[in-house]
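> Quick one: structure below, then a few questions.
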Amino acid sequence: MSGQGPQRRLLGSPNATSPTTPHFKLAANQTGPRCLEVSIPNGLFLSLGLVSVVENVLVVAAIAKNRNLHSPMYYFIGCLAVSDLLVSVTNVLETAVMLLVEAGALAAQAAVVQQLDDIIDVLICGSMVSSLCFLGAIAVDRYLSIFYALRYHSIVTLPRAWRAISAIWVASVLSSTLFIAYYNHTAVLLCLVSFFVAMLVLMAVLYVHMLARARQHARGIARLRKRQHSVHQGFGLKGAATLTILLGIFFLCWGPFFLHLSLMVLCPQHPICGCVFQNFNLFLTLIICNSIIDPFIYAFRSQELRKTLQEVVLCSW
């Protein structure tokens, strides 16, 4: 894709150079504004991708190993790990192939490179869509477990969870294929941006509602213990901080990428928007960082999963 769209690293992009250290660069055209461009070294990009791969492989292995983790909640977490794993693997693969082509170690015709790039882009886009979907699915699952605790196991059954998981993967593959095929069409870009906004709003509404319920529960306990003010205030600050971190990381890691897509629709030729387009590889790096952070937010907080993870790591040595 061009510099105004999601860049195809194999075919060249404004950031497709090979710096050895990250740096900030001010670039200016004769008729345009001075732009702050953040160059991401290929070594750093590959290293972050490999860290994400290792983390998410361990999460998937731990869930597969421990039968106590074979429940809808952990299946959603496992699928999120698979999605993040695919995000990292496909980006690392694309960067590695790009470096081989640039170094002359991989000789291929332009048509072959184009086809390979299309396949990798479909995988990247599909894994991103599925990752967002499973973040939303985890939020819905947690919401149901709190507000429908007595009926939760009859509502969220394994067959229903597997149907939801299958639907998410199918929808992700189809939507990513359409996106890569018609990425220049405004309607496709608007659909992707709208999808991100919908996921952000869904997660914000559900988690804020869950926080309100938890604070209400804490007030009830505080009344019984006659320490209402201190307990309620402490819990409120802790809950608000957790919610801010969860939604803040989601927005900071995914927001720039979808801002990029929004500007492709709103101002594809504007010089200031062009400054944003030049940092597309930085936005991809933020998504890789999100894949690294997700296991700490959703998986590693589980004591059962951490225990199984230790067993997996010890068995591998």
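One is the number of the first residue shown, and numbering goes on along the chain from there.
Using N, Cα and C of the backbone, Cβ positions are placed for all residues, glycine too.
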> Are Tyr148 and Cys315 on the same side of the membrane in Swiss-Prot?
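Yes, same side.
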> Which one of Asn29, Asn184 gets the tag N-linked glycosylation site in Swiss-Prot?
Asn29
> Of the listed stretches 38-63, 73-93, 119-140, 164-183, 192-211, which one has the most C-beta pairs under 8 A with the transmembrane segment (280-300)?
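Looking at each of 38-63, 73-93, 119-140, 164-183, 192-211 in turn, the most contacts to the transmembrane segment (280-300) are made by 38-63.
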> Would you list the DSSP helix, strand and coil counts for the residues of the topological domain 'Extracellular' (184-191)?
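Helix, strand, coil within the topological domain 'Extracellular' (184-191): 6 helix, 0 strand, 2 coil.
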> Looking at 38-63, 73-93, 119-140, 164-183, 241-266, which one has the highest count of Cβ pairs under 8 angstroms to the transmembrane segment (192-211)?
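Between the stretches 38-63, 73-93, 119-140, 164-183, 241-266, 241-266 has the largest tally.
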> Where does Cys315 (S-palmitoyl cysteine) sit in the DSSP three-state scheme?
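Note: Cys315 (S-palmitoyl cysteine) is helical by DSSP.
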> Could you name the stretch, out of 38-63, 73-93, 119-140, with the greatest number of CB pairs under 8 A to the transmembrane segment (164-183)?
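Looking at each of 38-63, 73-93, 119-140 in turn, the most contacts to the transmembrane segment (164-183) are made by 119-140.
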> So what's near the topological domain 'Cytoplasmic' (301-317) in sequence-distant terms, Cβ-Cβ under 8 Å and 6+ beyond its ends?
58-59, 61-63, 65-66, 68-69, 74
> Mind checking which residues reach the topological domain 'Cytoplasmic' (141-163)? Cβ under 8 Å, same chain, six or more beyond either end.
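Here the qualifying positions are 71-73, 75-76, 206, 209-210, 213-214.
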